[in-house]
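Here's the structure we're looking at; comments come further down.
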There are 6 protein chains.
Amino acid sequence: MQQLIRGIHQFQTEDFRPLATLFEQLAERQSPETLFITCSDSRIDPNLLTRSRPGDLFILRNAGNIIPLAGGTTSGEVATIEYAVGALGVKDIIVCGHTHCGAMKGLLHPESLTELPAVAGWLEHAATTRRIVTDHYGHLPEDRKLVAAIEENVLVQLEHLRTLPVVASRLRRGDLHLHGWVYKIETGEVFAYDLETQAFVAIAEHAVNGDAEGARRRAATGI
Amino acid sequence: MQQLIRGIHQFQTEDFRPLATLFEQLAERQSPETLFITCSDSRIDPNLLTRSRPGDLFILRNAGNIIPLAGGTTSGEVATIEYAVGALGVKDIIVCGHTHCGAMKGLLHPESLTELPAVAGWLEHAATTRRIVTDHYGHLPEDRKLVAAIEENVLVQLEHLRTLPVVASRLRRGDLHLHGWVYKIETGEVFAYDLETQAFVAIAEHAVNGDAEGARRRAATGI
Amino acid sequence: MQQLIRGIHQFQTEDFRPLATLFEQLAERQSPETLFITCSDSRIDPNLLTRSRPGDLFILRNAGNIIPLAGGTTSGEVATIEYAVGALGVKDIIVCGHTHCGAMKGLLHPESLTELPAVAGWLEHAATTRRIVTDHYGHLPEDRKLVAAIEENVLVQLEHLRTLPVVASRLRRGDLHLHGWVYKIETGEVFAYDLETQAFVAIAEHAVNGDAEGARRRAATGI
Amino acid sequence: MQQLIRGIHQFQTEDFRPLATLFEQLAERQSPETLFITCSDSRIDPNLLTRSRPGDLFILRNAGNIIPLAGGTTSGEVATIEYAVGALGVKDIIVCGHTHCGAMKGLLHPESLTELPAVAGWLEHAATTRRIVTDHYGHLPEDRKLVAAIEENVLVQLEHLRTLPVVASRLRRGDLHLHGWVYKIETGEVFAYDLETQAFVAIAEHAVNGDAEGARRRAATGI
Amino acid sequence: MQQLIRGIHQFQTEDFRPLATLFEQLAERQSPETLFITCSDSRIDPNLLTRSRPGDLFILRNAGNIIPLAGGTTSGEVATIEYAVGALGVKDIIVCGHTHCGAMKGLLHPESLTELPAVAGWLEHAATTRRIVTDHYGHLPEDRKLVAAIEENVLVQLEHLRTLPVVASRLRRGDLHLHGWVYKIETGEVFAYDLETQAFVAIAEHAVNGDAEGARRRAATGI
Amino acid sequence: MQQLIRGIHQFQTEDFRPLATLFEQLAERQSPETLFITCSDSRIDPNLLTRSRPGDLFILRNAGNIIPLAGGTTSGEVATIEYAVGALGVKDIIVCGHTHCGAMKGLLHPESLTELPAVAGWLEHAATTRRIVTDHYGHLPEDRKLVAAIEENVLVQLEHLRTLPVVASRLRRGDLHLHGWVYKIETGEVFAYDLETQAFVAIAEHAVNGDAEGARRRAATGI
Ligand SMILES: [Zn+2]
Ligand SMILES: [Zn+2]
Ligand SMILES: [Zn+2]
Ligand SMILES: [Zn+2]
Ligand SMILES: [Zn+2]
Ligand SMILES: [Zn+2]
C-alpha cells in the first residue's frame, strides 16, 4: 500500500505534467474507439501491451474475461458492453484471454473450487468452453488442454457477445467488429483468431487480422 | 485498430525486453497484494496512476465500479473478489471512483437511459447511492451533486464488499484492509476516504491514509 | 371439448389400427432424428405440413418459437433442447416461425400487452429481434415490418440455440445441423434461410437447403 | 431431412388444396377453443389423436409437460398460457402426460441426468411429483412407480396452472375448465382424471369427463 | 426503546418465574402443533388472540401474510414452512389476514408505492389477488373492495401453500390441515373460511371450522 | 386446533374488553416505533418478553431471523423492512436471535438438511455467519460453536440490513437505530450487542445499550 501511495506521488510530480493537456481534454468527454475485455489477472496491462494512452481503451475486466449471456439477471458485463457500444459508439470489441489463466484452470478442475463457491458459480458462464474441451480435447496433456480452454473460451465469449441486442444490431450494420485475442505472458506475444485458417495466429505489424465475427471454430492450435 | 496493432509491435520490439525476466517469473505465478476495483472509463489507467508494474494489481473493472450484493445470481464481481481474496490472498482492496463518471451521471438521470436498458438495470446495484444523494444532497447544484454521487457510491460499494463471506471473515482477522478512493481526471489527484474527518482527502506521500473499513459517512466534501 | 372426445373415439376405432405396429415399436423407445421448434399457434401442425409420422419429430412449442439464452434460470426450452440433442441425439434442429404470428405482433406493439404481463416479460427473450427491426426496418409499412420481425426472430433464436453447451459442442463435431424456416399459413409454403443468398427461399423438392449454422444475416426478403 | 423436404412437397401438392379455404380463413385470425399442453415426445401427435384440424388446438409442448410456477423468472410456459387464456380466450386447458415418458423416468432417476444439467434443473418444477411418488408409491415396482409419476405429475402441473392470475380469475368466473389426461402410446387410449372416483379413467365417447379443477388426489390407478 | 428495556426487566422479574419450568422444558426442544402465518402489522398478536403459550405456535410474519410460489429463488417463507412441516411436523397451518391491512391497500393502489419499490415488487406475489379483485369486485366501494382483497388474498396464499412439495405430499396423507382466517382488529373477531358456504364465518367456540384445503372460492362476504 | 378456537373465544369474552378502546384507535392507524425481527421459533413471544401492547411492535419473523441482501429477487424481508422504515417511520430495528435455534443448528450441520432443500437454500443468506464460525470458532466445542453462530448471525444480518437503500439513507440522517439482541430461552435473559466491549451483554434496566450500527465484531462471549 505504501508503495502505491509513493507511486501516486511520483505520477503526480513526474508523469502527469506531460499528460496534463490530454487529461484536461479528456475531462470534457471520453471517446474511446475500442472496448477491451480481458481477465483481472495482475500480469495483464492492456495499455502497456498496446501502448495505448488514456482515453483510448474502454476496459472491462473480470476473472476469466467472461461475458454472461443476457438471459438472466442484468450483469455488469452486459451493462458495460451496452454502454460502450450504445452510448460511446466503440467500433471494435476485443476479447483477450491469456496463458496461465487461473480461471481457466479452475474451469478444468472444478474440484479445486470447493472453497470458492462464487468462482464456481461464475464459471458456469463458461460451461460451453468446458463442454467443448471435454468433448474435443480430452486426449491432450494437461498444458495443451489449458491452452485449448483459453482459446476456445475466447471464441465462446465472442458468441455470447453476439447475442446482445445492441451488438447484434450493430453487427448487422457492419460498423462494429469483434476480435478474439490471446496474450502470451511469457513472450509478450499476442495471438488473434484468424477466420481463414480458423486458428489463433501471432499479430504482426504488417498483417492486421480481420474480425472474428462469423468465427466457425475447427482448429485451435496457434499458441 | 491499426494503431493497436502497431502498439503491440512496438511493445514487443521495445518495451518487452527490459521486462522479460519479470514476465518469465510472473508466468510461473502471480501474487498481487492489491485488488483494484475501478470504472471501465477509458481515462483511468490504474497502473499508470499508481506506477505499478505487471503483477502488482489484480484489477476488476466495470461501468461505475459497482459491486453487486451477493444475494442474487453469482456475479462476475463477487467471483472476482472471492478469487482475489480467497485464492490469491490480497491484503488490500481499493474501490476507486472518478470524476465525470458517465455511470454516475446515468444514476442521477435515469431518463437518459431509455435506450440502455441493461445499464439501467445494472445501476440498481447503486440504488442506495441514488437514495442517499436524493435524500441528503438534493439541494446542491448539478455538478456538486455528481461529485457527491461519486463519493457516496464508493462508500456504498465498500459496504457491499463487506457483506461477502470471504471478505467479512478476513476483516475479522484484521489482515484485509478496504480503501475508498476517488480519482480526479483533470488534475491527476487521488482522494482517499479518511475515517477521522469522514471526508475524502488528497493522498499525500507522507500521510498514508488508514483503511475505510468502519466507515461511518457524514460528510463528502473533499473534491 | 365434446368434439375432442369424439375425435379420440374415432382415432381409436379408425386410425389407430393401421398404426398399431408402429406404436407398439415406439412404446419401446423413440428415436426421432429431428427437433422441431415452432410457435404454439393453432394453425401450425408440424406433422401435417411435413407429412411426418409418430416418432419422427421431437416437438417444442411455445408462443413465438423463442429460445431463452441459457444464462438465467433453467428454462423448459433449454432443457428440452438438451434432452433432444444430448439424450436422443437428434441430427437436425428446425426453428420454424410463421406468418401472422401473434407473439411477433406483440413484440412490435408492446403497448398491446399491458393486460398480458407474462407475455411481455417472455418477449424480452426476443429483444434482439425488436432492436434489429427498429434499427433496420423502421421505415417499412406495418405488414412488411411484421414479416421482417418473423424472419429475423428465427435467425435470432438460432443464435440463442448456438450458445447451448451441448449444441455448441455438437456443431463443432459437424454432426448437428440448424435450420431456419418460416411457414406461410395462407399458402402452405415453407421458406428456409439460405446462407448463400442470405435470404429465406421457398423449399422445393429438388433443392434441399443447407443448414443455417453460420448464418450472417443481411437480407430478409423472401416471403 | 431429405424426407421432411419431400413431405413438405407432398403436403403442398396433395394435402393443402382441400384445406386451402380453411387456411385462408385462418390467416385472418385463429380462435382455438382449447389449449393442449403435452410432452415434446415424438410419439404424441395431439392433432392426430383428437382428430383436430388446423385452428382447433393451441399447443404448448416441452419435455415432461411441465408448467413452472409463476413465482420466478417469466417462463415460456406461463407466457404461452397467459396468451391462450387472456388473449385468445380458450375455454379448456388439457394437460396431457403419456406412458413411457423419458422426463418422468429422469425425475425418478436423477443419477441418470449428470450429463444433462439443464434437464435436471428443469425437473425441479416437478419436485412435488417426485416427493409424492417417494412418499406414497415407494413400495411399488419400477414400472408401476413410473405410471404413478406420470399420473401424479399431470395433477401437480394442474395445481401449478391454477396459481396463474389469469387462470385463477377465470376459474372463479366458471368459464374455464381444466382437464388432466394421460395418453397410452401402446394402445392409443386416453385416460382422463375423474373427480368422482379420483382416478384416471379411459375416455369413452358417451361419457365426457368433467373437469379436474378441484382435484383432490387419493388414488391413481387407472392405467 | 427505553420502554422495551423496562418491559424486559419487568418480564424477567415478574412474568418469567411462573413460566420458568415451561421454558426449561422448551429449551430442550420445541414441538409446536401449528404454523401461524400472518402479517407483520403491529396490531396483531397471535399469542394474545389465541391465548397461546410459548411453544404452541411457530410463527411466520411478513407484510401482507404472503407466501411466494416455490418456482423462483428460495424465499424465507418457503423455507420456514418447509421447516415447520418437514422438521417439526406441525399438523395445522393457519394463514391469517386482517382488516385495515396496509399491504393490501398498497396492492389495490400501486401508485402509492413509488417510494417503496421493494414493497411493490413483493406484492407481485399477490398478483392473483389483485386480478381477482379487479375482475370480480371492481364495482364495489373502496372499503368493501379492501375487505374482498384481504379475504381473497388469504385464499390465494393458501393455494400457493398447496404447491410446496412437502405440503402437497402431507396433504395427500391427510395429516396436515390448512386454514384461512381473517382477524378483525376493531372487534377482536376471527373469521374462518368455510368450505360449505364458501364464505368467511366468525369462529365460535362450539363450531370448529373444517379445513380449507379444497377451497373453491365463490363468495367472500363474511366480514 | 380445538384449543386455539377455545383461546379465541376466551380472548373475545375476557381479554378484548379492556383493550377495546385501544383496538378501536388502532383500527384507524398503526404507528409502531420499533421493527422487531426474530426467528419463527415457537418459544419466542416478542410481545411477552418486552411487555409490549398491540400497536407497539411491527414484527418480522422467519426461520433464523435472516435478512437476505437486496441484490436478488425482492424478498418479503426486504419489502417488510422497507415498509416499516419508509412507510411507518420506525425509529429502531431490533434483530433478535435466540439460544437453541434450529436454523443455526442446520447452518452448522448442512448434512442434516438433505430432506429440507428449501431450508438449505435459505441458509445461504447466512453463508457469512457460517464462514466466520468456521474460520474463527472451529476449535470450540459444539455448544459454544452454536452460541457463536447465533451471536455472529445477528451481527451479519445487521450488516445486511445496513445495505438497504432506505435503511442506509436513514442511518446517515441519524434518526434510525439498529440493535442486535439474543434471547436466552432457558433464563428469559436478553443480551444486547455492546459497541464498547464488542460483546453481547445482558440488558439491565438502568443501562440502556446504545445501537450497534457501526458494530465491529471481535468478541462474542456474553451468553
Ligand atoms: Zn485469467
Ligand atoms: Zn465511470
Ligand atoms: Zn406465432
Ligand atoms: Zn414425455
Ligand atoms: Zn397487514
Ligand atoms: Zn431459531
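Counting begins at 1 with the first residue displayed.
Yeah, the Cβs are placed from backbone N, Cα and C, and that goes for glycine too.
TrEMBL: automatically predicted annotations, no manual curation.
Annotation source TrEMBL lists Zn(2+) binding site at F:CYS39, F:ASP41, F:HIS98, F:CYS101.
Same-chain residues with CB within 8 A of the center of the F:CYS39, F:ASP41, F:HIS98, F:CYS101 CB atoms, the Zn(2+) site residues themselves not counted, are F:THR38, F:SER40, F:ARG43, F:ILE44, F:GLY64, F:ASN65, F:GLY97, F:THR99, F:HIS100, F:GLY102, F:ALA103, F:MET104, F:ILE150, F:TYR183. F:HIS98 (Zn(2+) binding site) carries a strand DSSP state (E or B). Candidate binding-site residues F:CYS39, F:ASP41, F:HIS98, F:CYS101 yield none lying near chain C, with Cβ-Cβ distance under 8 angstroms.
In the three-state DSSP scheme, F:CYS39 (Zn(2+) binding site) falls into the strand class.
Highest local Cβ density among the binding-site residues F:CYS39, F:ASP41, F:HIS98, F:CYS101 belongs to F:ASP41, counted as other Cβ atoms within 10 Å over all protein chains shown. Chain E comes within the C-beta cut-off of under 8 angstroms for none of the binding-site residues F:CYS39, F:HIS98, F:CYS101.
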